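Q: Provided herewith is a single structure, encoded as structure tokens, for subsequent inquiry.
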Amino acid sequence: MLRLLSSLLLVALASGCGQPSHNPSSRVVNGEEAVPHSWPWQVSLQYEKDGSFHHTCGGSLITPDWVLTAGHCISTSRTYQVVLGEHERGVEEGQEQVIPINAGDLFVHPKWNSMCVSCGNDIALVKLSRSAQLGDAVQLACLPPAGEILPNGAPCYISGWGRLSTNGPLPDKLQQALLPVVDYEHCSRWNWWGLSVKTTMVCAGGDIQSGCNGDSGGPLNCPADNGTWQVHGVTSFVSSLGCNTLRKPTVFTRVSAFIDWIEETIANN
């Protein structure tokens, strides 16, 4: 196991994780179109219906063979594929990689409860049926060290193809929005999220910018001290009152709380 984990780390380091070839500009409500391939670990998780595949969630490529997404994005009754290197949905731009997912290669956290999203553990891993080919449009995400907590106001970006407004349309092109981190002390206040937020989550936004339906499972991208980007969050839920409700920031599964589970799942499969 230790050998495997070391090799995974070496793969990430050798590929230059978290360093997009196309720098991001300084679904996503009131966001903006992302620079093409500026979040090259962003994936589109798609499910099959009536003979065609449809975007349902985002995700992050964390090794050439594994994607990190949300537990609520996964249903064992569905057939999935992952699209890497995507920018504009429905348009073949030449850099996409479409990779099928085998039914037995969906790994949802064992403590995830689909009837209680606020209970936490909304995280899953998807094993690709073949390895991703890394390049300008497809690169690996860096993950944060286990246990790392971002400070209040840390500047992070959500990215995805989620709805542009509550009950609004899905965008064709990848969107991004700046969502400053809201620390647990603030996010758990009674007039914010209260008891719905756990310490294994991270909040970000809470004003006019937020995630929305279709962004689920995608990354919260945060700058690290070494100049790389790290995926600190997996998009989990927003308020039932609307995607951009005041004092209801987007809630993410905190990746640094699940590093051990991620490493063990990859090592054992």
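Yeah, the Cβs are placed from backbone N, Cα and C, and that goes for glycine too.
Pasting the relevant annotations from Swiss-Prot:
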type: ACT_SITE; residues: His72; note: active site, charge relay system
type: ACT_SITE; residues: Asp122; note: active site, charge relay system
type: ACT_SITE; residues: Ser216; note: active site, charge relay system
type: DISULFID; residues: Cys57-Cys73; note: disulfide bond
type: DISULFID; residues: Cys156-Cys222; note: disulfide bond
type: DISULFID; residues: Cys187-Cys203; note: disulfide bond
type: DISULFID; residues: Cys212-Cys243; note: disulfide bond
type: DOMAIN; residues: 28-267; note: domain 'Peptidase S1'
type: SIGNAL; residues: 1-16; note: signal peptide
Q: If H, G and I count as helix, E and B as strand, and all else as coil, what does DSSP give for His72 (active site, charge relay system)?
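A: For His72 (active site, charge relay system) - judged by DSSP and reduced to three states - the answer is helix.
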Q: Rounded to a whole number, how many Å is the Cα of Cys203 (disulfide bond) away from the Cα of Cys57 (disulfide bond)?
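A: Between the Cα atoms of Cys203 (disulfide bond) and Cys57 (disulfide bond), the distance comes to 19 Å.
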Q: Pop the mean pLDDT for the domain 'Peptidase S1' (28-267) in here, whole number is fine.
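A: The predicted confidence over the domain 'Peptidase S1' (28-267), as a mean pLDDT, is 92.
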Q: Measure from the CA atom of Cys222 (disulfide bond) to the CA atom of Cys187 (disulfide bond) and give the result in Å, rounded to a whole number.
A: 18
Q: Counting distance between Cα atoms, which of the active-site residues His72, Asp122, Ser216 is nearest Cys57 (disulfide bond)?
A: Ser216
Q: Tell me the Cβ neighbour count for Cys57 (disulfide bond), meaning other Cβ atoms within 10 Å of its Cβ, over all protein chains shown.
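A: If we count other Cβ atoms within 10 Å of Cys57 (disulfide bond), we arrive at 27.
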Q: Determine, to the nearest whole angstrom, how far the Cα atom of His72 (active site, charge relay system) is from the Cα atom of Cys243 (disulfide bond).
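A: Cα to Cα, His72 (active site, charge relay system) and Cys243 (disulfide bond) are separated by 17 Å.
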Q: If you draw a 10 Å sphere around the Cβ of Cys187 (disulfide bond), how many other Cβ atoms fall inside it, taking every protein chain shown into account?
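A: Looking across every protein chain shown, the total is 23.
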Q: What residue among the recorded positions His72, Asp122, Cys156, Cys203, Cys222 has the most other CB atoms lying within 10 A of its CB?
A: Asp122
Q: How big is the gap, in Å, between the Cα of Asp122 (active site, charge relay system) and that of Cys156 (disulfide bond), rounded to a whole number?
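A: With the alpha carbons as reference points, the distance is 20 Å.
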Q: I need the nearest neighbour of Cys73 (disulfide bond) among the recorded positions Ser216, Cys222, Cys243, using C-alpha distances.
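A: So, spelling it out, the nearest of the recorded positions is Ser216.
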Q: Consider the disulfide-bonded residues Cys156, Cys222, Cys243 and say which one has the Cα lying nearest the Cα of Ser216 (active site, charge relay system).
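A: Comparing Cα positions, the closest of these disulfide-bonded residues turns out to be Cys243.
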Q: Kindly assign Ser216 (active site, charge relay system) to one of the three DSSP-derived states: helix, strand or coil.
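A: Once the DSSP labels are grouped into three classes, Ser216 (active site, charge relay system) ends up as coil.
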Q: Determine, to the nearest whole angstrom, how far the Cα atom of Cys243 (disulfide bond) is from the Cα atom of Cys156 (disulfide bond).
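A: Per the Cα atoms, Cys243 (disulfide bond) and Cys156 (disulfide bond) stand 18 Å apart.
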